[in-house]
Amino acid sequence: MPETNGDGVPGGGSEGEQKEVRAKLADAYARHIAPAVKLDICSNEGASAGGTGQASRRRGASARVEWTAGWCAQFSVLLRRGLKERRHESFNKLRIFQVLSVAFLAGLLWWRTPAAHLQDRTALIFFFSVFWGFFPLYNAVFVFPLERPMLLKERSSGMYRLSSYFAARTAADLPMELGLPTAFVLILYWMGGLDPRPASFLLSLLVVLYSVLVAQSLGLAVGAVLMDVKQGTTLASVVTMVFLIAGGYYVQHIPPFIGWLKWLNYSFYCYRLLLGIQFRDGGALYDCGGGALCPVADFPAIKAVGLNNHWVDVCVMALLLVGYRVVAYLALDRLQPR
């Protein structure tokens with residue numbers, strides 16, 4: 001390669017030769033590049049002065065040709081990519097060990113709890129609602145903040161719609177997020193000695209999985225709104241502590257001025273649904289002291305929560321599930337580069 005001077009011109013010749021090379025480069029620019037640059041500038045100025053009507057028509061035309069693939073094709077590709085990515089994240093050895101070890105240790109602590117030990121049985125039921133009400137919440141907070149750079153880059157290049165991305169993300173999470181809760185319930189339910197009827201077990205499993213989806217929705221909403229892992233985990237810890245205290249087990253007589261908190265608490269609805277499954281129609285009788293027998297529905301920990309209005313609980317949890325995901329979608333739609 002020839003040596004060059006500071007101007008990028010070959011420096012091996014005399015000053016006259018260097019001037020000649022510069023003149024040739026300037027002439028080549030004027031003949032080949034300058035006309036195209038001027039034409040581009042003129043076209044941009046004409047487009048900006050064309051009026052709002054023409055601009056709106058151009059935006060509509062560009063929107064019509066923006067997507068190179070249909071919604072279903074985008075959803076299919078994003079779903080396959082999400083399943084491949086989430087498979088290793090959701091079923092890594094550390095998370096499996098974490099869930100299964102908690103299930104076995106809790107099963108040993110509540111090993112074959114007799115039906116007469118109502119306090120222990122209600123504590124086990126509350127543990128179901130709390131653990132799978134908060135564990136998915138913390139995991140979901142990390143999702144969108146970590147995917148923010150990729151989402152901004154791919155959406156700015158017009159690769160897919162936000163709706164197809166969000167739907168694919170939701171569908172890919174279902175088999176990944178529901179596998180470990182199912183294994184957890186299978187282990188702890190039978191080790192804890194809860195109602196052995198198949199219908200009671202299946203209903204309890206469905207309620208726990210339902211609570212997992214609601215908790216995950218809240219975590220996605222928190223992560224999408226804040227878009228910061230540290231802020232998201234801080235807010236999630238505050239929410240979980242408040243929901244834990246107001247879940248109906250620790251504080252049974254909440255003051256009226258703050259009693260509305262439990263109606264926003266999805267773990268409270270999960271707890272009440274699980275109690276209703278285990279103690280149908282008030283359940284049996286228990287020894288309430290002095291040799292007297294009282295209905296299970298009058299047990300203080302159960303009476304404070306109630307065993308009625310199960311369909312109302314299901315509907316409220318459905319509203320929370322949809323509402324949290326709508327908030328997450330709207331937050332992602334307003335996402336802008338930092």
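Cβ from N, Cα, C; glycine included.
Worth saying up front: this structure is predicted, and the values here are computed from it rather than measured.
What TrEMBL records for 74-279 is domain 'ABC-2 type transporter transmembrane'. Taken from TrEMBL, the feature region 'Disordered' applies to 1-20. Per TrEMBL, the feature transmembrane segment maps to 94-111, 123-146, 166-190, 202-226, 233-251, 311-332.
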The transmembrane segment (202-226) touching the transmembrane segment (94-111) per 3+ Cβ pairs under 8 Å rule: no
Surrounding residues of the transmembrane segment (233-251) on its own chain - C-beta under 8 Å, 6+ positions past either end: 122-123, 126, 129-130, 133-134, 137-138, 141, 218-219, 222, 226, 261-262, 265-268, 271-272, 301, 304-305
Positions on the same chain near the transmembrane segment (123-146), where near means CB under 8 A and six or more residues out: 99, 102, 106, 110, 113, 169, 177, 181, 184-185, 188, 192, 194, 204, 208, 211-212, 214-220, 222-224, 226-229, 232-233, 236, 239-240, 243-244, 247-249, 266-268, 270-271, 274-275, 278, 328, 332
